[in-house]
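Taking it in order: structure first as structure tokens, then the write-up.
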């Protein structure tokens, strides 16, 4: 059974829209954990558009489950991670003009830099995950740079309509098996919703799903704890063929 990492970036988005002090993503963590979150995910972007450095420091002290820090593979972010010591770091691609992360890391192109960063973080007992597209060549290189985890990008699956979704699901299943054969542990995320999560949750070998936007959206209607509970129930007892789009 996959666990659930709740991404709270969108809570910070609301706060930063007015550059004020509320809503406070740090305070919302307790509600997410009460609802059953197995971990908390935040992305500290280079432009600080939502999560701020102060949030990170407070989250390190208040998260009772585990803290997953998403970040770009830069010297600044590596230094922050080494000082913070989150439970895991997920390296993601980042473009200032994008609304959200648009694709996976190109591990092949950035192999030397990624290997160096992974060595530095791993040397301080911080495991590293690489957010990648479900492509065999990328997975092979994830293993070669000594990543402990990969997070498979589910974005293409998430936007696919009925006729093509089985193919995307098959690719994710095959990629999970391939990653594990390379000794990698596997997470997945991006674009997952209450309507499309169950087939992904049913894939054998995926250990955690990182989900944010749909949970925060649902929380506006039912509250954060209930929104997390509803998502957790779908992940615990997934129906392999349930895709409601």
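One is the number of the first residue shown, and numbering goes on along the chain from there.
Including glycine, each Cβ sits where the backbone N, Cα and C put it.
In Swiss-Prot this protein carries:
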ACT_SITE  43  active site, proton acceptor
ACT_SITE  70  active site, proton acceptor
ACT_SITE  190  active site, proton donor
BINDING   7, 18, 191, 212, 213  3-amino-2-oxopropyl phosphate binding site
BINDING   9, 10, 45, 50, 100  1-deoxy-D-xylulose 5-phosphate binding site
SITE      151  site 'Transition state stabilizer'
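Swiss-Prot feature annotations superimposed on the structure.
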residue : record                                      : Cβ neighbours (10 Å)
7       : 3-amino-2-oxopropyl phosphate binding site  : 25
9       : 1-deoxy-D-xylulose 5-phosphate binding site : 21
10      : 1-deoxy-D-xylulose 5-phosphate binding site : 18
45      : 1-deoxy-D-xylulose 5-phosphate binding site : 19
50      : 1-deoxy-D-xylulose 5-phosphate binding site : 21
70      : active site, proton acceptor                : 26
151     : site 'Transition state stabilizer'          : 30
190     : active site, proton donor                   : 25
212     : 3-amino-2-oxopropyl phosphate binding site  : 21
213     : 3-amino-2-oxopropyl phosphate binding site  : 16
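For residue 18 (3-amino-2-oxopropyl phosphate binding site), the number of other Cβ atoms no farther than 10 Å from its own Cβ, over all displayed protein chains, is 8. Spanning the residues 7, 18, 191, 212, 213 that the record associates with binding 3-amino-2-oxopropyl phosphate, the maximal Cα-Cα distance equals 26 Å. In terms of Cα distance, none of the recorded positions chosen from 9, 43, 151, 190 sits within 10 Å of residue 18 (3-amino-2-oxopropyl phosphate binding site). When the recorded positions 7, 151, 190, 191, 213 are screened for a Cα within 10 A of the Cα of residue 50 (1-deoxy-D-xylulose 5-phosphate binding site), none qualifies. Separation of the C-alpha atoms of residue 43 (active site, proton acceptor) and residue 190 (active site, proton donor): 13 Å, rounded to the nearest whole number. Working note on the recorded positions 43, 191: by count of other C-beta atoms within 10 Å of each C-beta, 43 ranks first.
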